[in-house]
Amino acid sequence: YRQAQAAVLEALPRLRKLQVPTRRPDDYFAEMAKSDQQMQKIRQKLKSKQEAMERSEKAKQLRAMRKYGKKVQVEILQRRQKEKKNMLNAVKKYQKGLSDKLDFLDEEQTPSQGNKKGNASQRTKKGPNAKRRYKNQKFGFGGKKKGSKWNTKESFNDVSSFQSKVAHNKGPGKGGRGGKGGKKALNKRPGKRARQKMKNRAR
């Protein structure tokens, strides 16, 4: 094989000088140096390499898509948590009386829901259904129940409903002179010494 290569490298320039054609025609057939079995193995190897590269490329694309999908999912979850936190803060402010706006109820609806049901300006607001109205009538409207009867700064300073007679038991029926308490005070049982004297006198 090496000798044939060396002979070709030496013979080609001479043949060109003599203007002898050295290129084989298109319809020329000759047996190759390597056998068909070896060439088949080479083809199989090249094919397996190409398939492995294609699988690696597909796996890389799938990883990239999963990574991007996970990133989008994390962003959506973070956005939902942020919206939920903002809505809870707005509800707390509304319950405490710091705000009188109910815009957070409109923000609860997502854009996808808005596209399905139409624009907010085109939709008519519907009230609660019959079941909700019945429960509201029976159980109330929710909200803060605990501590609702506690005193506040304003109620503590408000003395408009204060009644001194009632507070000091001077009103009617509270032991005053004009009430039943006055009669009881007049019919008060005498003390022990007075009762002893009365017994001695009776003897």
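Just so you know, glycine gets a Cβ as well, placed from its N, Cα and C.
Noted in TrEMBL for the protein shown:
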type     : residues : note
COMPBIAS : 48-60    : compositional bias 'Basic and acidic residues'
COMPBIAS : 61-70    : compositional bias 'Basic residues'
COMPBIAS : 110-122  : compositional bias 'Polar residues'
COMPBIAS : 123-136  : compositional bias 'Basic residues'
COMPBIAS : 157-166  : compositional bias 'Polar residues'
COMPBIAS : 180-203  : compositional bias 'Basic residues'
REGION   : 44-70    : region 'Disordered'
REGION   : 102-203  : region 'Disordered'
DSSP-assigned states of the compositional bias 'Basic and acidic residues' (48-60) in counts, ordered helix, strand, coil: 13 helix, 0 strand, 0 coil
Secondary structure composition of the compositional bias 'Basic residues' (61-70) [DSSP: H/G/I, E/B, coil]: 10 helix, 0 strand, 0 coil
